[in-house]
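Visitor: What follows is a structure written as structure tokens; I'll ask about it next.
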Amino acid sequence: MDKASITEGKPIRCKAAILRKAGEPLVIEEIQVDPPQAYEVRIKILCTSLCHTDVTFWKLDSGPLARFPRILGHEAVGVVESIGEKVDGFKQGDVVLPVFHPQCEECKECISPKSNWCTKYTNDYLSNTRRYGMTSRFKDSRGEDIHHFIFVSSFTEYTVVDIAHLVKISPEIPVDIAALLSCSVATGLGAAWKVADVEEGSTVVIFGLGAVGLAVAEGVRLRGAAKIIGVDLNPAKFEIGKRFGITDFVNPALCGEKTISEVIREMTDVGADYSFECIGLASLMEEAFKSTRPGSGKTIVLGMEQKALPISLGSYDLLRGRTVCGTLFGGLKPKLDIPILVDRYLKKELNLEDLITHELSFEEINKAFHLLAEGNSIRCIIWMDK
């Protein structure tokens, strides 16, 4: 009898990396993961990765989003262990991606080709579970609830995810590559292809050369962009960027008395056709906007402004035709578009291997935080069973 049939409908005891206090190392503890309820699936995590969003919430020590204890992690791949009632389209053994961005497949926006903003669910990122509010599926050794993280919580051997946040994928794709498609790569590629719709011969500038920014570069490279300018303070990112088609580099620390946008405009005659802000700083969003050409320049904001600061845009610049828009998850509908990305990878159209710079065991998860925080990794794969 396999383990799935033994554990189905019962709590599972497993290891999880728990954040008990802001900024402190995660603690690997034994926890209990309850069985899935209606519309939920319990997943065995195969591997997970670390995103800057995880680091942001790891440091967060106040406000409604700061909750302890908590299981972080949202970029991962797993296998279905068991399903709850009213679950269609998933079965034991399916390879799946848990995704923080929901798709209910019923609301006006999910049905429309114009947006990926699920109006049924996307406004709530405070709950533990999508349909059951603050009810948690995790308990520590003392029987106390552990908070979920943006409906995924992948820093655990098992997790429970609502079907609105779950995508079934082909088992042919390597699982480490698949994990990247659940957040960073999908966000960058989607922004380049679906939101910006970059044309051949375009000039592009990308602010921030982390995994999202490099995925943008890969996307515009495949669209035939003629000039791809990367902006980053870390000179090591420049060599990595070349593998994704970046042709020119700007280090803000070396711009002297000029602003970044002034340097970009000089490099591109009057400005870039497309500008992508992948960091999440209001000041850089403004610089990204000023870096684009009058008449048709388009700025896409992918980074989340951590302090929710406003940005200031010149009304005359808007009148002259420059535009700016934001995007969550690159404008992609997870259930519809992620399988397409998987297929393009399997057809060898996408270079994603170079995004993985480190691999660690689950017990080494705190090292992954330090590598990313210090700018020494792009993506670190954390293996649950190695």
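Even glycines carry a Cβ here, placed using N, Cα and C.
For reference, Swiss-Prot lists these features for the protein:
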type	residues	note
BINDING	C51, T53, H74, C183	Zn(2+) 1 binding site
BINDING	T53, G208, L209, G210, A211, V212, G213, D232, K237, L302, G303, M304, F329, R379	NAD(+) binding site
BINDING	T53, H74	alcohol binding site
BINDING	C104, C107, C110, C118	Zn(2+) 2 binding site
Visitor: Are there any residues in the same chain, six or more apart in sequence, whose C-beta is under 8 angstroms from the C-beta of T53 (Zn(2+) 1 binding site), and if so which?
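Guide: In sequence order, H74, I150, C183, M304 meet the Cβ cut-off.
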Visitor: Could you say whether, by DSSP, C183 (Zn(2+) 1 binding site) belongs to a helix, a strand or a coil region?
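Guide: Going by the DSSP assignment, C183 (Zn(2+) 1 binding site) belongs to neither helix nor strand, so it counts as coil.
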Visitor: Quick one: pull the CA-CA distance for K237 (NAD(+) binding site) versus C51 (Zn(2+) 1 binding site), whole Å only.
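Guide: Cα to Cα, K237 (NAD(+) binding site) and C51 (Zn(2+) 1 binding site) are separated by 17 Å.
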Visitor: Given the binding-site residues H74, K237, which one has the fewest other C-beta atoms within 10 angstroms of its C-beta?
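Guide: Each of the binding-site residues H74, K237 was scored by Cβ atoms within 10 Å; lowest is K237.
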Visitor: Rounded to a whole number, how many Å is the Cα of C107 (Zn(2+) 2 binding site) away from the Cα of F329 (NAD(+) binding site)?
Guide: 18
Visitor: Under 8 Å Cβ to Cβ from G303 (NAD(+) binding site), same chain, six or more residues apart: give me those in sequence order, or none if nothing qualifies.
Guide: F207, G208, V212, E277, C278, I279, G280, L281, L284, M285
Visitor: For the C-alpha pair, I'd like the distance in angstrom between C104 (Zn(2+) 2 binding site) and C51 (Zn(2+) 1 binding site), rounded off.
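Guide: Distance (Cα to Cα, whole Å): 24 Å.
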Visitor: Within the chain of L209 (NAD(+) binding site), which residues six or more apart in sequence place their C-beta under 8 angstroms from its C-beta?
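Guide: Listed in sequence order, they are A217, G230, V231, D232, N234, K237, F238, I240, G241, I246, C278.
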Visitor: DSSP secondary structure for A211 (NAD(+) binding site), reduced to helix/strand/coil, please.
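Guide: DSSP assigns A211 (NAD(+) binding site) to helix.
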Visitor: If you draw a 10 Å sphere on the Cβ of C51 (Zn(2+) 1 binding site), how many other Cβ atoms land inside?
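Guide: So the Cβ neighbour count for C51 (Zn(2+) 1 binding site) comes to 24.
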Visitor: For a quick check of packing: other C-beta atoms within 10 Å of the C-beta of C107 (Zn(2+) 2 binding site), how many?
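Guide: Result for C107 (Zn(2+) 2 binding site): 16 other Cβ atoms within 10 Å.
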Visitor: Other residues with Cβ within 8 Å of the Cβ centroid of C104, C107, C110, C118 at the Zn(2+) 2 site?
Guide: P102, Q103, E105, E106, K108, E109, I111, T119, K120, Y121, T122, A164
Visitor: Cβ-Cβ under 8 Å from C110 (Zn(2+) 2 binding site), same chain, 6 or more residues apart: which ones?
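Guide: C110 (Zn(2+) 2 binding site) has long-range Cβ partners Q103, C104, N116, C118, T119, K120, K333.
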Visitor: Just to be sure I understand the packing, how many Cβ atoms besides its own are within 10 Å of the Cβ of F329 (NAD(+) binding site)?
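Guide: Around F329 (NAD(+) binding site), other Cβ atoms within 10 Å: 24.
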